[in-house]
Amino acid sequence: MSPYFKLSSALIFLAITMEALCSPIENTSTSNKDNDKETEHIEISAKPSGISRGALGQGFEIHREDLLSKQFEATGEKIFEDLPMDECTVTTTLGTIERDDSFYNSTESLYQSVASSTKISGSLKGAYTLGVSVAAVTNNIASSEEEVQGLSLNLKAYSMSSILKKNCVNTKPLSKDLVSDFEALDSEITKPWKLSSWKKYKVLLEKYGSHIVKESISGSSIYQYVFAKSNQKFNHRSFTVKACVSLAGPKNASKVGFAGCTGVSQQEIEQSSSQSMIKKLVVRGGKTETRASLIGELDPDQINKFLIEAETDPSPIQYKFEPIWTILKNRYVGTEHFAKAVNLEQFYKGFLHFGCSFLHTSNADNADVEIQKFDFAKTSDPDAPTYVCKVGPEGCQHHEDCHYRAAFWCECGGPYDLARTCLRYKTEKLNSGSTKRECYPNKESGFAWHGCQLHGLSCWCSAPNKNWEETWSGEDTNNALNDVHQVLMEKKRRDQAK
């Protein structure tokens, strides 16, 4: 065994271990706190099967998938050439039925709930990656302009959990097509702010997906969601009553096995009938024919019969995911292809998810003025590139941006500005809970100076700001594996120079 192989193996093992130990533990508690959880034991007679494992090991382009409101079918892309399930999975029998409810006091808490339950990174808790799922369960009333609140009644019969072994994920042969397409990617992106520069990377994500299913939980489940716009100002109890009535109808609303539903009064039911909310019933797992029959208002016998199917006929009710770039980085550390896996990760997180498309305008001389761009960080290393999203310097860019105003002051931009290249920043609060610094040509009155200076009774852009501001940094995605890769590449170069 060569010294290089020994060193690389040891460093890779150490890096993966350190990542697991040092990566931040995601806070899975959100404001959609589960209340009054009731648990009962069931006997599981079913054995692990292709049906119970579902899409385990398959790749999906998560931002196109509805992870909440329908049965998630095993129609993903092949990622591994050979992945023997009996050898590569750890299956744990669960055997519990849980009844609880989750209150979502904001759109952010709904996003957090989806990210937590699917193990999708908190940094991807936003509209690009999870927007399709949130829109599906709220009937599109959740948007960048509209905040929502809501509640779900959750009936979950857990049969078993099947999770891929880390050793198999890191060592089993990848699909020959995936390997061929990945290794054909460009290592160096010459103009990272242009989407066309990332065409092959985008095609790879579309073909193989951004994430693979790392864990499948099977059983049978029923979720009754109710949502309304936050400005309607319904309280927690109003959502609870509406969910109970929506699930079982007015006559059986108090008989569905939830503590919050048990005390529903006739007066509350009548009041709820006049409250307009979005209702969504989601049935997952169990038998296909049983799922198809569970529509509209359900009686307690229907509910219990379906939940018990978890004992004998479980199918997937929940999936947990892992990014495809994590698998590729682990596979290609210490090789010339590692940079491509880093590129893929930062392109997805920074360019696509954060939303760092190239924005520009023209000044009074028709010269191009850049507003936002995805570019290399100053400290970027070709072996493991680092990118940033940055916005143009705030203030004037051209003399025509500056306008003399009475009382001897200069306005930058404004409603009558024709140049429209006086750039201004604003911080937008996203409904996913995060914030984003944005840059735009200022058309509002009162934006004084900002590079404009008085020259007699005229104003000129005599002191323009030259400093771009970073709004997203790929340095946040750097980890121990990147450091190990750079050590290995440096050693390889030294060995080749001997």
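Indices start at 1 and increase along the chain as displayed.
Cβ from N, Cα, C; glycine included.
According to Swiss-Prot, the signal peptide annotation covers 1-22, on the basis of sequence analysis. Swiss-Prot lists 135-159 with the feature coiled coil, giving sequence analysis as the kind of evidence. Feature annotation from Swiss-Prot assigns disulfide bond to Cys389-Cys402, Cys396-Cys410, Cys412-Cys422; the stated evidence is similarity to another entry. For 410-422, the entry in Swiss-Prot reads domain 'EGF-like'.
Cβ-based neighbour count (10 Å, all protein chains) for Cys389 (disulfide bond) stands at 25.
Computed over the domain 'EGF-like' (410-422), the whole-number mean pLDDT of the model equals 86. Within the same chain, the residues at least 6 positions away from Cys402 (disulfide bond) whose Cβ sits under 8 Å from its Cβ are Cys396, Cys410, Glu411, Cys412, Cys422, Gly451, Cys452, Gln453, Cys459, Trp460, Cys461, listed in sequence order.
Most Cβ neighbours within 10 Å, among the disulfide-bonded residues Cys396, Cys412: Cys396 holds that distinction in the structure as shown.
A simple Cβ count within 10 Å picks out one of the disulfide-bonded residues Cys410, Cys422 as the most packed, and that one is Cys422.
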